[in-house]
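A quick write-up on the structure given underneath.
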């Protein structure tokens, strides 16, 4: 597909996006709506349409090679993602559940559930390749240095996720194993040799008997030819019929195509074309960056002197006009007020003069009344909330969006710049020099304006002094506005104490080439020279972020995530969720719904700084579910899809490390410091329910309650600019206390056992992944029906046990059957109904589960009745206190 194709796709997506934004505008001023069904339909329709636009924009951004188009497209893409995440939060608040079902709306829009699959933007990893390579290089350097010091204490990266411990074998045991296997090999070879001899003897006997029978029987040539023809024609026709059936099954999508060379398929060719376009993107991007510098210098040299002269003459003319109109020279606006930009807004000199005087008076008033206005504002908000509660006017109203304004501006910019632009000359889609020149002309003009403003302030000062001397006055002091500059109103907020201040001074000098340090973190920690230093707990160590990273790697706290993608978490969507809700049956989410939730809550915010900062903030997620449902796999997928660091704070992993309260504070400080400096980062805690258990097992020496108090405090300091996510996993969440667990984990996701559709999909995917083949002899439907209650982990283990190398060698002659997998599954326990009910009962006790239970039970009281008796009781209690 050519560049014109993707330009057309972008135009179509932009038109759809503009129509959605226009459709949304009336909701802002609309009165509250109490009809939840109509509200849900409106929100869900907008949500689905935004996802459709996002899918198209992501594809265009990945393949368009024009550097200036890609910059605008990136802004539109991120704002679209942020907007449908805001709508998702509205849906969650409306229905009090993380899992919403849109099967009836997708049917009306003539879409399939797979059209709602949220793609993970490929630029998350493509634009971070150098950063990730630098991180891997640093990890290798750290491990190589440790090998030289003490090889026995080094933890190999490959063994970090190993499930079996490595056993040291003696020489005698090794020789015995070799002997056993060699004798077995010789026995098999001798048995095969003898069986071949017997088979040859039997063939010779059959041939001799056939020869004797032919010699006795009399057959002419015609009969012999007819027999040969009949046999050949039957064989060839059966072969053709079988091929036609296979082709028809492939055409109907009932069977997988068989290709001799996978590299020659249409999918492989398309993938290769996409890779080629990305190389062109890099070339065009490098040319564009060079052109930015060159064109700016040309504009400065050619147009800079004229700009400076014009600005100087305009400002001098303004001085004279003000003096003629008012009788004296005005005050020149400061840089904060806009400088000379404030003077040229189509206003008379007298109006500008009055505005400057009013601005100075307002500054003094604001200092005195700043605190009072804040208090009044808070009191008004409280009164408004009380009025809403008393009136009982509880209806849905669209919240203000952080992305709609940007979407409108980018839509206007796109229509003004690219819709009607003639690009017939730009077949290779390189940068447009005219657009760069317009942009750089503004930059140069602003830079020159600052220089001219400084000169004209001095000139105005000299003019005033000269006039004062002529009148016989002394040139005293400075203006009132220039006296007290350093003071600021309001109290300073409490700042986090830096326990490793000496490790942040050399960030940009030493570790920039290996670790990509967050710009915000660098700005905060490189401006600490003139400030009072905090007490240093690591004063005798190195002074770089690199040393913190090395220490946490050596302690086994920073790990390499296991290689897996989110698409490896196989599962189908729920197709009848809305029908079940209409029948007053609470639908159970499927694994496909879980995959979409992980994309929305974790991957998109961590991958994009803009989305994480402006979209609804998710600081922590709890993944609960039976053993084998894929909780750790999802954690690894989040890290791999976003290029995040994996920081393991599991109780068993930090046992004996950083002991005591001071050691724990130091550990958390280092973890969050690394997390903010090397964004994004995922903090992982396995078996997190042990942190909230009332009673622990006597033989548990890991001290899981160690993080219970300090971790929530550290998590509160995480802001929208910090792409840090806490992910906990639990196979028995009902063993911990619900209240503290739900206060630490903002989102609680219970991963269910797979339904029939998901099991059928999992069986087919895992058999192919383990190099098996699916034929008509393998009944996947029956296999999925029989394995009801088994988790994806159990199914994966069954595939590994059956699809061995020996079985794969004979798979062409003896195709797989469903009965082969039953013995392997019989040794594993499924998820029983009692365990499933325990998860449901526990989830109802969580805050969101309680709200959902009230909605389902219809026990929401009348708001007018709510505000009478309970409020009176509360008032009485407050008076007693």
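Heads up, the Cβ atoms here are built off N, Cα and C, so glycines get one too.
Range 466-502 is the one annotated as region 'Disordered', of 429-465, 466-502, 503-539 (source: TrEMBL). For the ranges 826-853, 854-881, the feature annotated in TrEMBL as region 'Disordered' maps to 854-881. With helix defined as DSSP H, G or I and strand as E or B, the domain 'AAA+ ATPase' (617-755) counts 56 helix, 26 strand, 57 coil. Predicted-model confidence for the domain 'AAA+ ATPase' (617-755) is 91, expressed as mean pLDDT.
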